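S.K.: Sharing the feature lines straight out of Swiss-Prot:
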BINDING   GLY80, ASN110  anthranilate 1 binding site
BINDING   GLY80, 83-84, THR88, 90-93, 107-115, SER119  5-phospho-alpha-D-ribose 1-diphosphate binding site
BINDING   SER92, GLU224  Mg(2+) 1 binding site
BINDING   ARG165  anthranilate 2 binding site
BINDING   ASP223, GLU224  Mg(2+) 2 binding site
Amino acid sequence: MITEALKKVIEFKDLDEKEAEAVMKDIMSGNAKPTQIAAILTALRMKGETIEEITAFAKIMREFSLKINPNVPKLLDTCGTGGDNLNTFNISTATAFVVSAYVPVAKHGNKAVSSKSGSADVLEALGVNLNVPIERVKESIEKIGIGFLFAPHFHPAMKFATPVRKELGIRTVFNVLGPLTNPANANYQLMGVYDEKLTEKLANVLKNLGLKGALVVHGSGMDEITTIGKTKISELRNGEIKSYYIEPEDFGIKKAKLEDIRGGDAEENAKIIGEIFEGEEVGAKRDIVVLNAAFALYIAEEAKDVEEGIKLAEKSIDEGKALKKLEDLIEFYREG
């Protein structure tokens, strides 16, 4: 099947849903040779992947993943694409703990691909054991309100594509598929993307995948809601998608410079997150976490608007709730 699909894609013709599903099934089941995987990924990148193709790929990846179904009323993920190459600290990981004081979070993530520190790297540096059984992850979401879904544990079929991705060294559709394939089936999502042009497209994919609410965001070169300039947001709510731009000043947050929110390696980023949660860092780094958490609480229908979300996010940090969630997760996974 992959050969027929390749013939089509190199002529810049789009795959229909069934064809795209068959391609991903071939890759995930080990039926596609590495050269074929490299060829189809490169051809798709040159053609430009459609909403229908990305949706089909994500559905099959979800089928091949190991899944958990935490017994919680709502579930949020803050997983983004990464790959913005700006070397900020792990904002979406810090955001996950702040938000988990109010909404259960299934944080999907991995080790760094292009940055110095992925979410898994910084969590390890903070003392979180990544090698826990997946059932333990389900329990931590139910009992603590947060769990970390380490991608390699939940997506074993990715072993066929990962070496090819590394050797290719270019962005492919897999860069966006990670955040679209939460193994706990989170029904709300704050998803940062590395390119502003992707926000509407991926909001449509999340709609096709059945999410209740999602914000797909890109902020002035960052795969986060930014405080250094404008952020483009595509919002999925009640089956409708609308796009708009925001700036930090709209919400009374001071504009920052990129150097104010830069991170370093995993150890340095863990130190920054600790300082935010312990109340030692009260400047730009805290501000950007608060703003992202506020939008996450808004889209998860926990805050009626972003302003209320900001108050809740500040309370989570100031009252030590975010720090407690981190400490509880470290302890819970240590036993695992």
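In case you wondered, yes, glycine gets a Cβ from its N, Cα and C as well.
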S.K.: Which has the fewest other CB atoms in a 10 Å radius around its CB: THR88, HIS108, ASN110, the listed binding-site residues?
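M.R.: Selected from the binding-site residues THR88, HIS108, ASN110 on minimum Cβ neighbours within 10 Å: ASN110.
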S.K.: Taking the Cα atoms as reference points, how far is HIS108 (5-phospho-alpha-D-ribose 1-diphosphate binding site) from ASP223 (Mg(2+) 2 binding site) in Å?
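M.R.: Counting only the Cα atoms, the answer is 15 Å.
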S.K.: Looking at Cβ-Cβ distances, which residues of the chain lie under 8 angstroms from SER92 (5-phospho-alpha-D-ribose 1-diphosphate binding site) while being 6 or more apart from it?
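M.R.: When sequence neighbours closer than 6 are ignored, SER92 (5-phospho-alpha-D-ribose 1-diphosphate binding site) has THR78, CYS79, GLY80, LYS107, SER119, LEU190, GLY192, GLU224, ASN292 within Cβ distance under 8 Å.
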S.K.: If I take the alpha carbons of the residue listed as 'anthranilate 2 binding site' and LYS111 (5-phospho-alpha-D-ribose 1-diphosphate binding site), what is the distance between them in whole Å?
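M.R.: Per the Cα atoms, the residue listed as 'anthranilate 2 binding site' and LYS111 (5-phospho-alpha-D-ribose 1-diphosphate binding site) stand 14 Å apart.
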S.K.: Between ASP223, GLU224, which of the binding-site residues has the fewest other CB atoms within 10 angstroms in the structure shown?
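M.R.: Taking ASP223, GLU224 as the binding-site residues, the minimal 10 Å Cβ count falls on ASP223.
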S.K.: Per DSSP, to which secondary structure element type does GLU224 (Mg(2+) 1 binding site) belong, with helix, strand and coil as the options?
M.R.: coil
S.K.: Return the residues near LYS111 (5-phospho-alpha-D-ribose 1-diphosphate binding site), defined as same-chain residues 6+ apart in sequence whose C-beta is under 8 angstroms from its C-beta, sorted by sequence, else 'none'.
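M.R.: Non-local contacts for LYS111 (5-phospho-alpha-D-ribose 1-diphosphate binding site): GLY118, ALA120, ASP121.
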S.K.: When you measure from the Cβ of GLY80 (anthranilate 1 binding site), how many other Cβ atoms are you left with inside 10 Å?
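M.R.: Here the count is 29.
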S.K.: Rounded to the nearest Å, what's the C-alpha distance separating THR88 (5-phospho-alpha-D-ribose 1-diphosphate binding site) and ASP223 (Mg(2+) 2 binding site)? Just drop the number here, would you?
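M.R.: Answer for this pair: 10 Å between alpha carbons.
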